[in-house]
Amino acid sequence: MTNIRKTHPLMKIVNESFIDLPTPSNISAWWNFGSLLGMCLIIQIATGLFLAMHYTSDTTTAFSSVAHICRDVNYGWLIRYLHANGASMFFICLFLHVGRGLYYGSYTFIETWNIGILLLFAVMATAFMGYVLPWGQMSFWGATVITNLLSAIPYIGTTLVEWIWGGFSVDKATLTRFFAFHFILPFIVAALAVVHLLFLHETGSNNPIGLNSDADKNPLHPYYTIKTALGFLLMFLVLLSLVLFCPDMLGDPDNYMPANPLNTPPHIKPEWYFLFAYAILRSIPNKLGGVVALVLSILILAIVPFLHNSKQRSMIFRPISQCMYWLLMADLLTLTWIGGQPVEHPFIIIGQIASILYFTIILILMPLSSMLENKILKW
């Protein structure tokens, strides 16, 4: 008799995706981040649901309701800090997942890659709106500054901003709609993640050497489920260390002050995971130019597959491209650092150089490196 997991309509889908899935035998720990992102999403939805039970999306009570969660709700502090630091873990896993895709040439699965970019935008939107909800100083001013950027769009900009605000400034209407969107978006992210997996399973996984692995595959379970379990364990170790020992390390002290429209904080900055994009935005003196650069800093990932001109898929045997890749990583770390610094000399010029370098590496230096390596292969 055939096993029920192979015949039952629902279990068959689970079986083909998570149990009998043919997986390349040589994939490394870098292939763990997809499942870690799934776990992050589950943690965020679960903790977020319990937070939503006690949170009130009203400007007069939002800040107090978050304080009430931390002080009066059973393990409320734990749920709140798991949610806040869970977002940081989410972005760490996201950046490593995208970095892996760039290094090993996974972007040649164009549909999977493009849905991944959509997922990145959706998660960034969710995180931004979530940061507004505690209604602290940085929540309010972050929302004001970032939504105000849309006013740079010619002709419809101002109308668009007021439409998003639901008035003439960030106020009660804005907070209420941001809460509604913040609640619904993770479910849209979950649906997109299913589509992401669907397209991935059409082609099968890439592997470190970037060659066809049809001749050498293993079932996902038990060979990779055990590696996934170890990944979960390590992620929980880092997350719980953050939550239990230094829960506010990645946050901003200004957000412990209630939102005050009459008092601007000395340095308005977003959460650490947006700092690289914020640095690119600030490095351009023109408002519209800054907004375009901000969007392009992420959207540039969509043209990476078309810039790939190497005879090899992965970077594992391409030392010049590897140098360019690690230069890009160093540049992103520099941008992240600059995004958290005040707008003054020498940070302005460092940010501008790092921003130019970011686009130059991706658009010019990486394709040139590939061409050079192709030439070397012929010699």
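Numbering starts at 1 and runs along the chain as it is shown here.
The backbone N, Cα and C atoms fix where each Cβ goes, glycine too.
Database features, via Swiss-Prot:
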type     : residues  : note
BINDING  : H83, H182 : heme b b562 binding site
BINDING  : H97, H196 : heme b b566 binding site
BINDING  : H201      : ubiquinone binding site
TRANSMEM : 33-53     : transmembrane segment
TRANSMEM : 77-98     : transmembrane segment
TRANSMEM : 113-133   : transmembrane segment
TRANSMEM : 178-198   : transmembrane segment
TRANSMEM : 226-246   : transmembrane segment
TRANSMEM : 288-308   : transmembrane segment
TRANSMEM : 320-340   : transmembrane segment
TRANSMEM : 347-367   : transmembrane segment
>> If contact means at least 3 Cβ pairs within less than 8 Å, sequence distance 6 or more, would you call the transmembrane segment (33-53) and the transmembrane segment (320-340) in contact?
In response: no
> For H83 (heme b b562 binding site) and H201 (ubiquinone binding site), what Cα-Cα distance in Å is obtained after rounding to a whole number?
Replying inline: 30
> List, in sequence order, the same-chain residues at least six positions removed whose CB sits under 8 Å from that of H182 (heme b b562 binding site)?
Replying inline: G48, T126, M129, G130, L133
> Ranked by the number of other Cβ atoms within 10 Å of their own Cβ, which of the binding-site residues H83, H201 ranks first?
Replying inline: H83
> Based on Cβ pairs under 8 Å, which of the stretches 226-246, 320-340, 347-367 lies most in contact with the transmembrane segment (288-308)?
Replying inline: 347-367
> Which ones in the same chain are close to H196 (heme b b566 binding site), with CB under 8 Å and 6+ residues apart in sequence?
Replying inline: T112, I115, G116, L119
> When a 10 Å sphere is centred on the Cβ of H97 (heme b b566 binding site), how many other Cβ atoms does it contain?
Replying inline: 20
> If you count Cβ pairs under 8 Å, which stretch among 77-98, 113-133, 226-246, 320-340, 347-367 touches the transmembrane segment (178-198) the most?
Replying inline: 113-133
> Can we call the transmembrane segment (77-98) and the transmembrane segment (226-246) in contact, meaning three or more C-beta pairs below 8 angstroms at a sequence separation of 6+?
Replying inline: yes
> Between H97 (heme b b566 binding site) and the residue listed as 'ubiquinone binding site', what C-alpha distance do you get in Å?
Replying inline: 17
>> I want to verify one value. Collapsing DSSP to three states, which class is the residue listed as 'ubiquinone binding site'?
In response: helix
